[in-house]
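Just below is one structure, and these are the notes that go with it.
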Amino acid sequence: MRIQKRRTHVENILRILLPPIMILSLILPTPPIHAEESAAPQVHLSILATTDIHANMMDYDYYSDKETADFGLARTAQLIQKHREQNPNTLLVDNGDLIQGNPLGEYAVKYQKDDIISGTKTHPIISVMNALKYDAGTLGNHEFNYGLDFLDGTIKGADFPIVNANVKTTSGENRYTPYVINEKTLIDENGNEQKVKVGYIGFVPPQIMTWDKKNLEGQVQVQDIVESANETIPKMKAEGADVIIALAHTGIEKQAQSSGAENAVFDLATKTKGIDAIISGHQHGLFPSAEYAGVAQFNVEKGTINGIPVVMPSSWGKYLGVIDLKLEKADGSWKVADSKGSIESIAGNVTSRNETVTNTIQQTHQNTLEYVRKPVGKTEADINSFFAQVKDDPSIQIVTDAQKWYAEKEMKDTEYKNLPILSAGAPFKAGGRNGANYYTNIPAGDLAIKNVGDLYLYDNTVQIVKLTGSEVKDWLEMSAGQFNQIDPAKGGDQALLNENFRSYNFDVIDGVTYQVDVTKPAKYNENGKVINADSSRIINLSYEGKPISPSQEFLVVTNNYRASGGGGFPHLTSDKIVHGSAVENRQVLMDYIIEQKTVNPKADNNWSIAPVSGTNLTFESSLLAKPFADKADDVAYVGKSANEGYGVYKLQFDDDSNPDPPKDGLWDLTVMHTNDTHAHLDDAARRMTKINEVRSETNHNILLDAGDVFSGDLYFTKWNGLADLKMMNMMGYDAMTFGNHEFDKGPTVLSDFLSGNSATVDPANRYHFEAPEFPIVSANVDVSNEPKLKSFVKKPQTFTAGEKKEAGIHPYILLDVDGEKVAVFGLTTEDTATTSSPGKSIVFNDAFETAQNTVKAIQEEEKVNKIIALTHIGHNRDLELAKKVKGIDLIIGGHTHTLVDKMEVVNNEEPTIVAQAKEYGQFLGRVDVAFDEKGVVQTDKSNLSVLPIDEHTEENPEAKQELDQFKNELEDVKNEKVGYTDVALDGQREHVRTKETNLGNFIADGMLAKAKEAAGARIAITNGGGIRAGIDKGDITLGEVLNVMPFGNTLYVADLTGKQIKEALEQGLSNVENGGGAFPQVAGIEYTFTLNNKPGHRVLEVKIESPNGDKVAINTDDTYRVATNNFVGAGGDGYSVFTEASHGEDLGYVDYEIFTEQLKKLGNKVSPKVEGRIKEVFLPTKQKDGSWTLDEDKFAIYAKNANTPFVYYGIHEGSQEKPINLKVKKDQVKLLKERESDPSLTMFNYWYSMKMPMANLKTADTAIGIKSTGELDVSLSDVYDFTVKQKGKEIKSFKEPVQLSLRMFDIEEAHNPAIYHVDRKKKAFTKTGHGSVDDDMVTGYTNHFSEYTILNSGSNNKPPAFPSDQPTGGDDGNHGGGSDKPGGKQPTDGNGGNDTPPGTQPTNGSGGNGSGGSGTDGPAGGLLPDTATSMYSILLAGFLISALGTAMYLHQRRKQNRANQA
């Protein structure tokens, strides 16, 4: 009974409490749950590092006086900017060797030294570092080259700390700031600010005391790097450093080093505690890299040594080092939870300069250019260092000559005046770790300061040492360590050079003669350690023809680095120095050249490699060395190396450089050839120089051209080929064949060319144009029925090679070459009939069949057995021709612009050599053919080469004089008006490389039109970087067109699958953030992309125009013909997919001519527009509360640059289950409102699109909502509810119409569809205004937000009846009186497209934000309580509980009373 009463009592209590508890659950605020709040905060910190910049601020090679893409901080800074955009938590540091190393650094010392020391001027390089906002830096060994005063002044100008812990005063105190600890505010993964103390410490090799003895001795001392670290790092920890970064200007060895080591990174990582990251340098090497794979304690994948992340990012800004640290806070302090070191190359990743760098350094750069271009003298011979490591060399000879000249003057009145003077020099620029272009290559002629700096790279000073004969020999033994040991018994090819030996340590000593026996082991290794004490590689060491005595004394003039023992050379100690000078070696060289005025730096051959029989001593040098090897007796070119830009060469000795004389009956013929010059005459005078050189070297030679002299440059535009003809006559061509472009302007212009008729282009004949002084050979082109050309048709004829000939068109000719007959016949590609404009009367017969018949006639009728086919059918067809037609000895080809730089032979019973020399007169092809007495080619006695024609080739004076007349007149041609534009044509660099522009569209349209007409193309893709300027509204001149398209690129077509086209677009979009030039401007397709995704995953959709004009998704399996330019077609700008095309062809039409032709087609008046071909979209970030936000930094860039801002969602977003709530911050709204064009924001996915004009919104935090509320029985789409809120208030009506686009479920059910407003309360539909239908997408405009869907309007233009079973309520139909009609211009369609491809969905972000409708974001990672609201809720809850409690109490009392009464 008691239990029952107790249970009843409990039930009564629960009945009383339940209602208030339920009410409380509705009233009391429920805090959001964030799992991450309980976890330790994490920070992702990126350390960006540069090292060994060596004054290379600009991407400019001052020694060759031209821009380069290979190095320069101006390019590295683009990578820095990219990483800063990707991660706000970045530090930027420099690891030393910053201010010395090129003429810009030298200029600052020579002309700004006093101002820098006094502090009245900041070192220009430091100004750049300040502008880039470096966080810290350290000193490299070369910072000490200019003395301590200059270094102090340099440091003084830095806005960032420069630290060094191991350079001390003579009393043992730190000479520089040993370390700093800076507190950084970083953002953790939850978006919260965190304070992290970052410490920086720096080190430099102790060897600076030797290398810069004259600047440092008696002033400083240098502590061992590891000792210094262990002394200093505990202090940093004690002062609270959370993270310690070692800026270590020291290299990486693979094992522990002894105290005082030059390269101590391994020891820092293994012998110290507390370092979290190490920046390495000094060696100019790469880490992480494969070189260190498998070495104990090295992890190449993670870029760590002993678990500590390390980077060594090469030199000169070629790479950026990146160390990523994952920091976790535990027990109040930060620890490194994970780390990774990596390096990122500018090659392939950067295609433009950083404006911050260029703007800051520009004036110094210009001053440096003026400085290096100042002439100081002349050289009678070329000076290069291509073979400086294997033979005596002019680039070293001129330096040693100058040093000896200086020493003789300095020592003539000293006690040493009677001692013999020797001079030591080394090749500073010899490829190696610095690449295939890192060689001295100075042509004969003027010598400027830049050339002196190229010959002597460093700021060394002259010093003279006194040594004995045995010490001189050891010096040379040390140098001889450069060579590998060769085993004659092994035979074959053996590499001569030791890759571990630095070229600047290979000293040649002039004044003595000697040989190097490389069959013996080296006495010293690359560090100067004795490894074979009894070995002696130096043989026949003599002075003035007599063997050197070990005790004989010599003076050797060298530099301060070597005289102080630099490089580990034996015997070179300070007591051996008898003359120390402050004069730089470079200054001595300059003074020598100035005094001599003209120098002849020919090597005196005082040293050589001793001959080795039975083996080939091979080595690598630049491919640019090949022409010099071809002329040399002691070096031969073997072939291309696997290393880019390098060739393989071999030494030739007396016993193998002169092969056996040819067998009786062999006859040699040298055939020089060009093809596809396309009116590129700028280097024609240089071409003539090369031709004359070959003629002077050979006895039997002819000169041929394989066609396409026409079309491609202004010279043709102005003179229709007659300027080319003038130059060809001067050069003495023996024959040419027709290319397809010879027919571009029809028979009339070709007839003028064949007759020299200048009536059209030069009526007064000021240029004295004449007919060709050579015949045209054309066996398969029949012009006999063409009235303009038939008079030129001739029968086969014999001409004397090298003499003037009568013009005419012959099927073949015979050339009499010193009594030997050589037949030449011509072939032209058969598709010329459709790809050019020959007219209907000219017939192009089958090339192979014609060749068969022609060869037969030559052999049987002419009895000639030496036959050359001069063809314009393409390289692959040339190879096929050789296989199909017997009897051809040599094919000189054209059409495909192929560079054949090594012998290609097809054996068809007898061999046929196939050649082609690329394009535009860039090369002179040369084939040296050896025939036996039967006319059969002896390929083993024949040779093929291509001779480059570039700035290193002198211009023939006579040809130059003729050419200059044409060049001068072309300046007037450039002012010729070619059209008019009603709008400015946007070629702004920042636009054409990031988005669709009207100029990009116009160019792509012209390319597509021409390629469609000539080759059936359907698509055009061109690189935005090829558009170099815009054109203002008004008249368009030819000069402006050439400024837009200055490269003279030609039209190229390639057959690509849909998959490859998408890949091409991905390649074009891979480097947009850095201003890469590959950005694809297009015609014939539309594409959508986002930069939120990584390269390779940026293209979301590609559509192509179908034959009926619709835009349909591109089929990945179908093949399409794509038009582009020849640069992109060859894989340029990273478009490698074009090189994989199933078919590729250069149509030869030059870009600016296509541009002007497009103008003519449009009536010379144009107004191109941005049409929406290219759509860049922004992917929002989904927060944990389900809302979406826009990344502030990335969206700020996007909102400014995009043509139309789009926010793109996945296919399922906006559904009933996944409503969209996009929160746009106040600053983001402001950015959108400030846009000059189309200030709007469009949200879209596959099913819908909404475009909101910013005029409808105030500058405030905004929340935009889209949600599917299901579908109606009568609707053709879901019903969507659109909302927008600002400051917590819903905005119902708008000033400007909002565009809505919805996609239908089934287009088959559509009958006059339109978008309708759904008013559930009134059970009514209202049609939106200005509707349109595009396939299955329906668009309408409204001035208020509510629910909308697609309905059929029917034939009476009325909607169906409102379904009776649909719920009512919700929308009351009152939207502030807003109508559904847009006022003003109708916005463009903003519909989306296909669903987001895999891997491109917006990613979930970290950090939460507020719920509710205001759209304002709370603090990332959690919500602070709303105190006022909470207190109010608590008071209200208390009141309700009291009231309810009282009511329940009274109710229970009444019941009890009734029970008692009962």
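Glycine is no exception: its Cβ is also placed from the backbone N, Cα and C atoms.
Features of the protein shown, as given by Swiss-Prot:
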- Asp97, Asn141, His249, His282: divalent metal cation 2 binding site (BINDING)
- Tyr458, Tyr561, Arg562, Ala563, Ser564, Gly565, Gly566, Gly567: ribonucleoside 3'-phosphate binding site (BINDING)
- Phe1047, Phe1127, Val1128, Gly1129, Ala1130, Gly1131, Gly1132, Asp1133: ribonucleoside 5'-phosphate binding site (BINDING)
- Thr1427: pentaglycyl murein peptidoglycan amidated threonine (MOD_RES)
- 1424-1428: motif 'LPXTG sorting signal' (MOTIF)
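Cβ neighbour count for Tyr458 (ribonucleoside 3'-phosphate binding site) (all protein chains, 10 Å cutoff from its Cβ): 18. When the binding-site residues His249, Tyr458, Tyr561, Ser564, Gly565 are compared by Cα distance to Phe1127 (ribonucleoside 5'-phosphate binding site), the shortest distance belongs to Tyr458.
Neighbour counts of Cβ atoms within 10 Å were taken for the binding-site residues Ala563, Val1128, Ala1130; the minimum is at Ala1130. Cα of His282 (divalent metal cation 2 binding site) to Cα of Gly567 (ribonucleoside 3'-phosphate binding site): a span of 14 Å.
Every protein chain considered, the tally of other Cβ atoms within 10 Å of the Cβ of Tyr561 (ribonucleoside 3'-phosphate binding site) stands at 23. If you draw a 10 Å sphere around the CB of Phe1127 (ribonucleoside 5'-phosphate binding site), it holds 21 other CB atoms from the protein chains shown. Cα of Ala563 (ribonucleoside 3'-phosphate binding site) to Cα of Asn141 (divalent metal cation 2 binding site): a span of 17 Å. Those same-chain residues not listed among Phe1047, Phe1127, Val1128, Gly1129, Ala1130, Gly1131, Gly1132, Asp1133 yet with C-beta within 8 angstroms of the centroid of the ribonucleoside 5'-phosphate site C-beta atoms are Asn1023, Asn1049, Thr1124, Asn1125, Asn1126, Tyr1135, Phe1138. When the Cα of Ala1130 (ribonucleoside 5'-phosphate binding site) is compared against those of the binding-site residues Asp97, His249, Tyr561, the shortest separation belongs to Asp97. For Phe1047 (ribonucleoside 5'-phosphate binding site), the nearest of the binding-site residues Asp97, His249, Tyr561, Arg562, Ser564 in terms of C-alpha separation is Asp97.
Comparing Cβ neighbour counts within 10 Å across the binding-site residues His249, His282, Arg562, the minimum falls on Arg562. Here the C-alpha separation of Val1128 (ribonucleoside 5'-phosphate binding site) and Gly567 (ribonucleoside 3'-phosphate binding site) works out to 46 Å. The binding-site residues shown are Asn141, His249, Gly1129, Gly1131; of these, the one with its CA atom nearest the CA of Tyr458 (ribonucleoside 3'-phosphate binding site) is Asn141. In terms of C-alpha distance, the listed binding-site residues Asp97, Asn141, His249, Gly1129, Gly1132 place Asn141 closest to Tyr561 (ribonucleoside 3'-phosphate binding site).
Cα separation, Gly1131 (ribonucleoside 5'-phosphate binding site) to Asn141 (divalent metal cation 2 binding site), rounded: 41 Å. Here the C-alpha separation of Gly565 (ribonucleoside 3'-phosphate binding site) and Asn141 (divalent metal cation 2 binding site) works out to 15 Å. When Cα-Cα distances from Gly566 (ribonucleoside 3'-phosphate binding site) are compared across the binding-site residues Asn141, His249, Gly1132, Asp1133, the shortest belongs to Asn141.
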